[in-house]
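Taken from TrEMBL, the feature region 'Disordered' applies to 1-35. The transmembrane segment annotation in TrEMBL covers 41-62, 91-114, 135-153, 165-185, 249-271, 291-309, 321-340, 394-420.
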Amino acid sequence: APSTRARGSSRGVAERAPTTRAASSEKARARDAPTTTHYEFGGPIGALAITVALPLVCYFLAYACNEDGCAEVSKLARGGAFPGFPKHMPLWSVDGAVAAYGWMAFTVVAHAVIPGQKKQGVALPDGTRLTYKLNGFRVLAATAVAGAIGTKAGWFDLASVHDNFLSMLTAMVVLAYALSAYLYASSFAKGKTLAKGGNSGNAAYDFFIGRELNPRILNGAFDLKVFCELTPGLIGWLLLDLGFAAKQYARVGAVSAPMIMVCVFQGAYVIDALWNEPAILTTMDITTDGFGFMLAFGDLVWVPFTYSLQCRYILEHAVELSNAHLVAIFAVQCVGYWVFRGANSQKNLFRTNPNDPRVKHLKTLQTKRGTKLIVSGWWGVCRHVNYLGDWIMAWAWCLPCGFSHLVPYFYVIYFGILLVHRDGRDGEACEEKYGDDWKKYCAIVKYRLIPYIY
């Protein structure tokens, strides 16, 4: 499944990174990773199937629920059909392509020219540490300013996002495939550091997983994976949400409470992710996975066009909720964010300064690698407590859609499956990394995602 992208610091275990700086050399940087014999995602056949199926799922969600109707749970149970694409929304249009590619061009230029933090990543498998430019939050601010100026000047209408949704989706699907092809082809050049998991020798599998670990352009100044991980997809997701809200206002002269609620919840999530952008440097996406179709499609297409489903649904289907219902949903969001941010902040603080009074009291398990695993506090509740908070928030994003249709609940269902799968991947990686110490850790922190249940 696609990357969780902005899911905060997503390694399931909190540990303090070693303080010794790894040596950097051209020879180490050029060293190829060993060929992997361990397949994930169903191997080459599964990888090929996912590569073909993911765009179809995106179109299916548009097909199953749009302004012409929505597949009702009761009707589907009786064998009912899906409503189909709106006739006035073509799969490809010049306006949609210009909007999609114009957005990508804007984010590329903004990322390149706007100053940002310079952060050193963790030691990579070849022993090097790369320096990353992180300016996602500033790009978001620049987007807000440019959007305000452009709207005031009449250069574009945010509400037009709705009418060009399908054509923008198609344009980004094409871009994701093209980028993935470039990444795969360029990974065969000399001097590339390859990701172990994406160096199997099978073209279909390696295309999906990604061969090169950290592909860069412009003489190493522009890291493609870190750029795509958050900036274009997350901010694009927020723009789609706001576009659907603008369309609702244009139609009825007001924005409904459920629409405001989802926009605020998801907007806060995007802002939080970009504000805490350095946390992605310790995630599996950056440290372990290659950059291939899985991450490229997930970052550029899956996140913005499927995560905005709730706002699109609320636009097309009037949802009325009582004040009690709204308060309950707000409480769910607050609990989820409290768990999510509390867990990630505690782990990141411990990694940065384990002697900080806020984390000094935490119990830890000393490993043979010289690092420590937290076994109390948030991380004593379960091994992926940050995932639990993330999933709780996912419910708060779907509940404002009411219960008439199953389609807007796709996200919380898909995301739950994704987190279980991600937990398994993290567990395998940590068992290989820590050996018997990982077994000791699991004996202390018994639950994976949900305390006393799983």
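Here the Cβ of each residue, glycine as well, is placed from N, Cα and C on the backbone.
Heads up, TrEMBL stuff is auto-annotated, nobody curated it.
Note that the coordinates shown come from a computational prediction; the quantities given were computed from them, not determined experimentally.
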> Cβ pairs under 8 Å with the transmembrane segment (249-271): which stretch of 41-62, 165-185, 321-340 has the most?
Replying inline: 321-340
> List, by number or range, the same-chain residues at least 6 past the transmembrane segment (165-185) whose CB is under 8 A from its CB atoms?
Replying inline: 55, 58-59, 62, 85, 89-93, 95-97, 99-101, 104, 203, 206-207, 210-212, 215, 224, 240, 291-293, 296-297, 300-301, 304-305, 312
> Near the transmembrane segment (41-62), which same-chain residues lie under 8 Å Cβ to Cβ, leaving out any that are not at least 6 residues past its ends?
Replying inline: 1-2, 85, 165-166, 169, 173, 200, 202, 204-205, 207-209, 293-294, 297, 301-302, 305-306, 309, 407, 410
>> Can you work out which residues elsewhere in the same chain, 6+ from the ends of the transmembrane segment (91-114), have a Cβ less than 8 Å from its Cβ atoms?
In response: 85, 133, 135, 138-139, 142-143, 146, 156, 160-161, 164-168, 170-172, 175, 218, 221-222, 227, 231-232, 235-236, 239, 300
> List, by number or range, the same-chain residues at least 6 past the transmembrane segment (291-309) whose CB is under 8 A from its CB atoms?
Replying inline: 1-3, 5-6, 41, 50-51, 54-55, 57-58, 61, 65, 104, 165, 168-169, 172-173, 175-177, 179-180, 183-184, 198, 206-215, 224-225, 228-230, 232-234, 236-237, 239-241, 244, 266, 285, 407-408, 410-411, 414
